[in-house]
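Trainee: Annotations for this protein, taken from TrEMBL, read as follows:
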REPEAT    31-64  repeat 'TPR'
REPEAT    169-202  repeat 'TPR'
REPEAT    315-348  repeat 'TPR'
REPEAT    382-415  repeat 'TPR'
REPEAT    416-449  repeat 'TPR'
REPEAT    487-520  repeat 'TPR'
REPEAT    521-554  repeat 'TPR'
REPEAT    659-692  repeat 'TPR'
REPEAT    693-726  repeat 'TPR'
REPEAT    761-794  repeat 'TPR'
Amino acid sequence: MKHGIHFFHRSVLPTAIQDFTAVIKEDPSNAQARLYRGRAYAKQQQYRNAIQDLAAAVHLDPSCWLAFYYRGCILRQIDPKRAVQDFSVSVLINDTQENFCSFLHRGIVYSEQCQWSLAICDFESVLALDRSVIFAYLNIGLILLLHLDQCYEAIRQFTNAIEIDPLNVRAYVCRAQAYHKIHNLPNAVKDINRAIHLYPNKSQLCMLRGQYLMELKKDELASLCIHQLAEMDEESFMSQPVQQALIQSFCQNHHKAIECLREAAATQPEPLMFVILGKIQMKAKKTKDAVRSFKKAMKLLMTSAKILPNTFETAEMYYLTGLCYMEQKSLLRACDAFSMAIRLHSSYPDAFYQRGLCRMQLRQATCIRDFNRTLALCPSHFQAYMSRAAYYGSKGRYSKAILNCNEAIKILPSSARAYFYRGTLKYQNKTFKAAIEDLSKTIDLNKTCILAYYNRAVCYHQIKDFKKALKDYGILLLLELSKEIAFKVLINCGLLYVELGDYANACEDFKEATLLSPYDSQIFQAIGICYHRLNEFEEAVRSFDQALKLDPVSVDAYVGRGNSYMENGHEAGCKQAQKDFLRAIHLNPKCIKARICLGYNFKALGKLQRAWSQFTVAICIDSKCHAAYDGRASVCLQMGETFAAFQDINAALKLTTTAPLLTNRGVISQLMGYLPCAMKDYQQAISVDPNYALAYFSAANIYFHNRQFSQAYCYYSKVLQLDPRNESAVMNRAITNALLNNIEEAKEDFEKAICLCPFSAAVYFNRANFYYGLKQYELAEKDISTALSIQPNDALMYKFRADIRGKLGFYKEAVEDYKQAISIQEQIDSM
């Protein structure tokens, strides 16, 4: 036995086996002889004999931990389950430092079986027994790095290995990769530099350093790494065209990479060489050349029966060919190539996905089947969920599209694209607040996402949050926008200001938009409307002129210009407006807006019958046009046809209930003497629109007429809150205050009325009357004289001044005023 052990330790294995065999013949129950002979057989790779001897050793001595250990080592590759059992029994018998290798090998088996937590436990057991086993640190670190995504803990393990052996290259490389994964590129470069210092001729290390330097945007240093690689003799680097081409391609030197591979393929035409060449040609955007390379690779793979092997590699060639056809917009050929890839390899998710994209672009409903198949094969395929969302979105099935975006976000929670698309889908689904949340998340992830700001502004506009909408539009105008988006932003901004009633700012935005699109008649028309609302009628006319130069048949532009001419208030403007309204009707005889405007034009010119006809035609065209009924009612009222006016205004109110229509009916009822009915309409108008000043004014007049001065005062005050420049309300409130004996307030109101309307004889006449009641005859005489200077042919005012002058003792002047009053009255009576 001693003789055999001596030769075993000196690796003279045949002699050792003979000796152990002799011992076993003499003593078949000698477990030690079986153990050593089994180990000798294993060293000679006679694994069957080795297992038999080790099994016998275990049978003869169940406490022989070495027999279990060595049998486990042999079974590790061929029967991992039994190997784990043997290692487990071995450590159960002996769990001391002497048997740490059993823990180590069992950890390796667990790693190969992807049982990461069990593997880590075994490697930690090794370290508990012997802290100097670097292999255990490295394995724990690699499992944490590659499989459990615990990069920081992995770095700690690699650092422990380096502390034990500062010259261990593998530990530096692993730690560099861990630093790279957490984007700590400077430390990654430091570790690779240390590894290169220890092994300066390893091309793989130089390649890694080049990659990290490129990611750090240190292009010059990365280029230097490429030159170092080119000069290396290690493994005849220059004779490895594939590796050299890949490096050149990585550095965007596609032309050099292609030349290198073409030369290599000419001397060594292998399928893999052509596939790599095709991939690099794809990167270089030379898709036609890439297709030729893939076809050459297929030709080399084809058997004598001209049949391609059903392998993933062959399927990939068709898949890449399909990508090239897609780049060339040859969708049908691309679809065929992806179908061929699927036929060769039925579980190819990317091929299904790309075929689905082709079919979607070809508007084929079968694309959804391909996306579904992609997700069945690869449930974490982000792009498939996004494309399926796009398909459902294009079909108007927004809820289903949103569900697919939800799944995509679960896969990539930091995808700005997924949040953006979900936000746009929610906008289409009219859930604006939810859309704003997603678009805000998009902006958090990508601060310069122009479309996210634009769509969020549109959503804010929809929910009437104008301040935030304007803020987003303002941010957009500070960014570098395409001409198209800048134009849309300015238009939307202008429309928002119009909605806010801020026509000055709206006008400025529309003007800015004309610089980007100077031939768009609609913008000039919008500018004209803004100027019209700002009471700048000449500017409005000029803008409508420009709109009509660009579009001579624009009905709306003619109507807009006509309305601007009308607002000038003189007869020439009214006639010019009439021409524009007639042109609009000539272009579109059914344009109700033009006919209504023409009706009001005729009314302003005193042509009441023609005005009535236009409103009647408008009603014939559209019997539900309340504006036409309202217009005809106003004409009937002016013609003295009060009942007809009442019927028309009732017809309008049957179609819609608005404060202006109710107020107009109240006015008609008031003229007919039905004051309670009028008051009822005014009160209803106020309930429909609490900010409609004319309803308050009309109701105040009825209260005044009924001598309900307190109520009249309150309503006139409400009118002035809503319309501070309403001179009639100011004057009527002044009279009301006078009647209520609110002297100081009456004085203030008369002063305001004069400021608002300094050339109104009625204001001065009423204030004169007020002063006369206060017996302030001098002030009364001054005001009535001012009134007469403005309106000199008024008999009543001369008579009133005569009364005042009589009170002042100016009898001669009073007599003259009485004579003048009689003269004017006689002239009026004789007419």
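Cβ coordinates are placed from backbone N, Cα and C, and glycine is handled just like the others.
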Trainee: What average pLDDT is reported by the model for the repeat 'TPR' (31-64)?
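Mentor: On average, pLDDT over the repeat 'TPR' (31-64) sits at 76.
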Trainee: Summarise the repeat 'TPR' (487-520) as counts of helix, strand and coil residues per DSSP.
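Mentor: Across the repeat 'TPR' (487-520), DSSP assigns the residues as follows: 28 helix, 0 strand, 6 coil.
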Trainee: Using a Cβ-Cβ cut-off of under 8 Å, list the residues of the same chain that are 6+ residues beyond the ends of the repeat 'TPR' (315-348) and lie near it.
Mentor: 275, 278-279, 282, 285, 287-288, 290-291, 294-295, 297-298, 301, 308, 354-355, 357-359, 361-362, 377
Trainee: Work out, from DSSP, the number of helix, strand and coil residues along the repeat 'TPR' (31-64).
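Mentor: The repeat 'TPR' (31-64) comes out at 27 helix, 0 strand, 7 coil.
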Trainee: State the non-local partners of the repeat 'TPR' (521-554) in its own chain: residues 6+ outside its ends, Cβ under 8 Å from one of its Cβ atoms.
Mentor: 491, 494, 498, 503-504, 506-507, 510-511, 513-514, 560-561, 563-565, 567-568, 587
